[in-house]
Amino acid sequence: MHTPKCRRPSMSATLSHKDLAGLAGCSALAFVLYLNTLNAGFVYDDRRAILANGDVTGARPLANLLRNDFWGTPLVDSGSHGSWRPLCVLSFRLNYLAGGMTPLGYHLVNVMLHCVATWLVFLVARTLLPSRMGVLAAGALFAVHPAHTEAVAGLVGRADLASCVCYLLAYLSYRRHMLNREWGSLILTIMLALAALLCKETAITALLLCGLCDVLSPVGRENSDKVCDGSISGLASFNFQRRFRSLSILGFTLLCGLYCRLSLLPRPSTAFSAADNPTAHESCFWTRTLTFLYLPVANFGILLWPQELSFDWGMEAVSRIRTLWDARNILTAGFYGSLVAILWKGSGLRSAASPMDFAEVANISLPLLRRLGGNSCHTWLGLTCDCHHQLSAPSYRSASAIYSTSSKSKSASWTAAPILGTAFLVLPFLPASNLLFYVGFVMAERVLYLPSVGYCLLFGLGFGHLWQRVNSSWRSRLMLLCGLALLLGVHGVRTFRRNLDWRDEEQLFRSAISINPPKALGNLGSVLSAQGRYEEAELTLRMTLGHRPTMADAHFNLGVVHQKQLNFSSAIPCFRRAIELRPQLAVAYLNLGTSLISLGDHRQEAISVLRTGARLEGSGVRDRGAHVEARYTCYLQLSVLYRSDGRLQDAAAALRESLKALPLLPQKQRAVLHLRLGEILAELQDWNEAEHQQRLAMQLQPEQGAAYVTYGQTLARNGSRLAEAESWFKRALQLAPLEPSSHHHYADFLEQQERHHEALGLRLRAAALAPQDYTLQSCVADALRLLNRLAEAELWYRKAVTLQPMAAHAHANLGAILQMRGLRKEAVACYHKALELQPGHAISRANLARMNVHKHENE
């Protein structure tokens, strides 16, 4: 007699055609809806996290991914954000290697990750929800929800996308492990959870979710193979030892992960500003408590009705709750009451199914009855046991593939789904809620990406329940479908339009003016200034200061607007106010110093300001890279000032100080400092040290021709090393054949050797490479004059005049060549034009005197 073998339930059960269609439809919907993000650029935080991040561009070693935060700042730095996401930064680095700084590749990866996440949400819903329509509703809602726009359209949201994918995969892997306690699935779960942690720290809660899922799992399923082999003791028993082992491993892994993150890795002493999280700086305990209790409600409100969305919810975007009579406290009470009700209902259903799940007992016992009764197993169907639970025919399909309409199947699904749906909503959000510890923001839409999985599961659970309750009325089901279609349509349109806001910074900042005016207007003013729209920028920045007079960035940006319009007297007070409000703002010192220089009579004050800015340590500054860049430029400006005043020793000292004070400076900028120091030392005739500094510059930037040119110029000052100097000029040309300055400086060297014909060829090549460069065009004319090719020289001098018609020396040079050619009248006109532009122009006066022409003579 043949006895059928019992099949073990598996998460890899074959999907039905309807499931495959729903899965493909949800993923396709997610892809199509975000297609309009593929032509977007780098906006807002993308610039700092990608464009200015040396960990992404390869400017730093790969090992630095483990030592630096998400923004490229060392974790030990006082200004570090503390966000450690090496896998996400690694993905950006791979994007850079594949396509450089072309944004299309970055956006495509984000869209594909969202499609994968939608796919996985569908599969997760399929393990929890009793109705296929509920699963479809959950997957479709996740695909179109507008709250996901920041995570998908904003490139820094990749941390949330990738962590969500790993989080859901870890959950699905552990569901498989729960069926038969295989070690492979458990190890895979742990690896996926740790990968999620390496994408974003909040995803470590995946291990908590897996443990909760195990605790809520029904009894009896994993031992069905023993029953099939005739072990009656496995009928209702559950192997608590194996479950305890799995839970212990999860707990140990969670503790190890937390220990490694909090103890082994550096923890920055970051002090978030009041603008980032004003409630955290509130002195009143009750205001802090009531506001932080309300923030999860506000976040849930975005999930419920995502009409008002903003790139930033800091400052006063969410006003603090200062009294018990604030109406928002009612919403807070209702929200937490609803959570308790869901958990209470779930625990009640759980109790009703304990200690024995009779549907599971039936599925386990009927194969045993078949062995006892042979082929007459059907005679056992419909029997009722002593506990009055009727036995039914067994199903050998995976529970994850069944959408049963029986009351027991519904009860089993309803037992876990509300609790696990709530867990998906709450657990990943807790670390960012400000309830456990303060974080550097009030609200952030991309933080909701993973918690929204729980929201979509609960929505799908409710929709599926309604769908099953009206199964006898096609009109009611049609109304449900219309309602679902309307909701998805409204969300889809909102998502599509919100994607357009994320295409460029101007539109993004304009979209948030009504929610966070000072932040949005301040950033918008900076964008308008960069576009050269100075009047709009000034108006916008003054509106910003009307909302928040103590905003240092707004004062600084307003100063930049005045500076770009050459209105230095108005720019200086703005920079001074920015420094007063934020003393560590090095770039404000830099701009203040350059503005003072431009006024002409404040050189000593400018030197003092630049020296102060260059020596700022920048304790607690958020953007360490920008701070170091500003200090570096302050040192360079300081050396230029000293050099122009003839204080070469002071200039060299400033550059030496910069090399010691800025150890984190990128190699390219360190090379510039060595190069400048070498030039100054050469002027001081310290040849050996000058040569040493220039060799250091070449070692740091071997692909930069400028270092070779400067080294060649230094060697050329030594008459015994002319051949060696020329070899370095030739190397520079080989390295950068399209660099005009390489040809220009080599030509200078050849002219010093009176090799004028060779020099002319290089002059012509340099001028062809930079046809709008006045100096290079003038040098061609000079080279032709030295070869006595005066007619050709005249043409080049005339071209130079067209490039700089307001430059007195350009007209004087043209006058000189005309004078040499005997064109006296035209030459005098050129000299007069030069004197008109610069009344004290010495060369024009001298040449007119040689021609016996008075200044106002008109021949």
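Just so it is clear, glycine is given a Cβ too, placed from its N, Cα and C backbone atoms.
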On the question of membrane sidedness, does Swiss-Prot assign Glu316 and Ala827 the same topological domain?
yes
Select from 329-349, 791-811 the stretch of residues annotated by Swiss-Prot as transmembrane segment.
329-349
Can you dig through Swiss-Prot and tell me which residue of Asn471, Asn567 is labelled N-linked glycosylation site?
Asn567
Could you check Swiss-Prot and say which of Asn363, Asn718 is marked as N-linked glycosylation site?
Asn718
Can you break down the topological domain 'Extracellular' (310-328) into helix, strand and coil residue counts using DSSP?
1 helix, 0 strand, 18 coil
Residue counts in helix (H, G, I), strand (E, B) and coil for the topological domain 'Extracellular' (44-103), per DSSP?
31 helix, 2 strand, 27 coil
State the residues, same chain only, that lie 6 or more residues beyond the ends of the repeat 'TPR 3' (586-620) and have a CB under 8 A from a CB inside it; answer 'none' if no residue qualifies.
78-79, 270-271, 552, 556, 559-560, 563, 566, 568-569, 571-572, 575-576, 578-579, 626-628, 630-631, 633-635, 637-638, 641-642, 645, 654, 657-658, 661
PLDDT averaged over the residues of the topological domain 'Cytoplasmic' (350-422):
45
Summarise the repeat 'TPR 1' (518-551) as counts of helix, strand and coil residues per DSSP.
27 helix, 0 strand, 7 coil
Counting by DSSP, what is the helix, strand and coil composition of the topological domain 'Cytoplasmic' (175-189)?
13 helix, 0 strand, 2 coil
Across the repeat 'TPR 5' (671-704), DSSP labelling yields 27 helix, 0 strand, 7 coil
